[in-house]
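**Student:** Here it is, the structure in full.
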Amino acid sequence: MNVSKFLKSFQYAFQGIVYAFREQNFRFHLLAAIIAIIAGLLTGLSQTEWLVIIIVIAIMLTLEMINTAIERVVDLTTSEIHPLAKQSKDLAAGAVLVFACASAIIGILIFLPKWMN
Ligand SMILES: Nc1ncnc2c1ncn2[C@@H]1O[C@H](COP(=O)(O)OP(=O)(O)OP(=O)(O)O)[C@@H](O)[C@H]1O
């Protein structure tokens, strides 16, 4: 195994995370994640509930990064207006929206009953 190559690939991956931080949407989702974690600490969650919260946060941030990557590839492919370019970007953004809605519902299902008590 080439250790130097392995470490380099980690370096590139961290660079990808740095690029993500430059995106406003990614920072918004990160802020929402931090708020969810603070709310979880204050409310008190079971181990299973923490697992769900962590998985949801990880998927949300990952989806946002994939969405940004798709936007970059589309912009690289064409600078012209093209219906397929629009579909690609809108589908990727739609995927983020679908999961954001599901995350909000999961958050409500976990937190609301505890706050009602
Ligand atoms: N080359 C293109 N051809 C057709 N429609 C495009 C093209 N590029 C972007 N669009 C559409 O224009 C709208 C705005 O696109 P834009 O690239 O600004 O996306 P965005 O979500 O605002 O991304 P960013 O995070 O880079 O601001 C979207 O509906 C997108 O699908």
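Backbone N, Cα and C atoms are what each Cβ position is placed from, and that goes for glycine too.
Remember, it's a predicted structure, so these values are computed and weren't measured experimentally.
Pasting the feature list from TrEMBL:
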type	residues	note
ACT_SITE	GLU64	active site, proton acceptor
BINDING	TYR12, GLU71, GLU80, ILE81, HIS82, LYS89, ASP90	ATP binding site
BINDING	GLU64	substrate binding site
BINDING	GLU71	divalent metal cation binding site
TRANSMEM	26-44	transmembrane segment
TRANSMEM	50-70	transmembrane segment
TRANSMEM	91-112	transmembrane segment
**Student:** Can you tell me which parts of the same chain pack against the transmembrane segment (91-112), counting only residues 6+ beyond its ends and a CB-CB cutoff under 8 A?
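**Tutor:** The answer is 25, 29, 36, 39, 43, 45, 49, 52-53, 56, 59-60, 63-64, 66-67, 70-71.
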**Student:** Let me know how many other Cβ atoms fall within 10 Å of the Cβ of ILE81 (ATP binding site).
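**Tutor:** Counting Cβ neighbours of ILE81 (ATP binding site) within 10 Å gives 7.
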**Student:** Are there residues at least 6 beyond the ends of the transmembrane segment (50-70) whose Cβ is under 8 Å from a Cβ of it, and what are they?
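**Tutor:** Distant contacts of the transmembrane segment (50-70): 16-17, 19-20, 23, 25-26, 29-30, 32-33, 36-37, 40, 88-89, 92-93, 95-96, 99-100, 102-103, 106-107, 110.
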**Student:** Within the set TYR12, GLU71, ILE81, HIS82, LYS89, ASP90, which binding-site residues show a CB-to-ligand 1 distance under 6 A?
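**Tutor:** The binding-site residues passing the 6 Å Cβ test are GLU71, ILE81, HIS82, LYS89, ASP90.
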**Student:** About how far apart, in whole Å, are the alpha carbons (Cα) of ASP90 (ATP binding site) and GLU64 (active site, proton acceptor)?
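**Tutor:** Given the Cα positions, ASP90 (ATP binding site) is 13 Å from GLU64 (active site, proton acceptor).
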**Student:** Taking every protein chain in this structure into account, which of the binding-site residues HIS82, LYS89 has the most other Cβ atoms within 10 Å of its Cβ?
**Tutor:** LYS89
**Student:** When you tally the Cβ atoms that lie within 10 Å of each candidate's Cβ, which of the binding-site residues (GLU71, GLU80) has the highest tally?
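**Tutor:** In terms of Cβ crowding, the pick is GLU71.
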**Student:** Pop the Cα-Cα gap between GLU64 (active site, proton acceptor) and HIS82 (ATP binding site) into the table, whole Å please.
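**Tutor:** Their Cα atoms are separated by 23 Å.
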